[in-house]
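Feature annotation from TrEMBL assigns Mn(2+) binding site to H54, H102, D187, H191. For 29-110, the entry in TrEMBL reads domain 'Manganese/iron superoxide dismutase N-terminal'. According to TrEMBL, the feature domain 'Manganese/iron superoxide dismutase C-terminal' maps to 117-220.
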Amino acid sequence: MSMLSRVGQVRRCAATVSPVLGTVAARWKHSLPDLTYDYGALEPHINAEIMQLHHSKHHATYVNNLNVTEEKYQEALAKGDVTAQVSLQPALRFNGGGHINHTIFWTNLSPNGGGEPQGELAAAINRDFGSFQALKDKMSAATVAVQGSGWGWLGFDKESGKLRITACPNQDPLQGTTGLVPLLGIDVWEHAYYLQYKNVRPDYVKAIWNVINWENVSERLQAAKK
């Protein structure tokens, strides 16, 4: 099963909850996805220490907390405890979003990345932004401007058939927040860059373009159009 397929499963799992206590928890346990490259493979743009901590610690925490929260949510459903169900929504959004966002993020990166998109993706970028450089400039500006922690996104608007750039705070998932299908995300939580770039977020955002996996972004666009 491809990573792209698994991301689709993650979204469905996060959105589907059964009133039958325990059954979904056992069947739909979320797990930390493996990377297709080593932690040091993105150097010098993102160093190995950041990648190791980001993947094995931060993402793993979102996964673990999501599983715990879903179990509590199912217990609340079984008991008919609406107050508990409502109180668990922020944790579901935060940890579920963290899992969805990071699962996309790892596939958006590649040691063989960088360069420029090709084919239909390149044509869509030129149509909607004027040029690839204009896309980079606009998305970089939107991402750097995120207040506090969050993500910059390139998404696909199914209604208009166009590409859109936006930003989401914290771990709010793009599709669940805006309806846009996520194609490319840039994580600007400090854990994504601080050990290497300190407080100079623009330098990190500039560097990450060197490892963007445009083949993956293109595959996501094709899937979003179906």
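Including glycine, each Cβ sits where the backbone N, Cα and C put it.
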Which has the fewest other CB atoms in a 10 Å radius around its CB: H54, H102, H191, the listed binding-site residues?
H191
List the residues in the vicinity of the Mn(2+) site, defined as same-chain residues other than H54, H102, D187, H191 with C-beta within 8 angstroms of the site's C-beta centre.
H55, H58, H59, F105, W189, A192
On the 0 to 100 pLDDT scale, where does the domain 'Manganese/iron superoxide dismutase C-terminal' (117-220) sit on average?
99
List every residue in the same chain as D187 (Mn(2+) binding site), at least 6 positions away in sequence, whose Cβ is under 8 Å from its Cβ.
H54, N101, H102, F105, W151
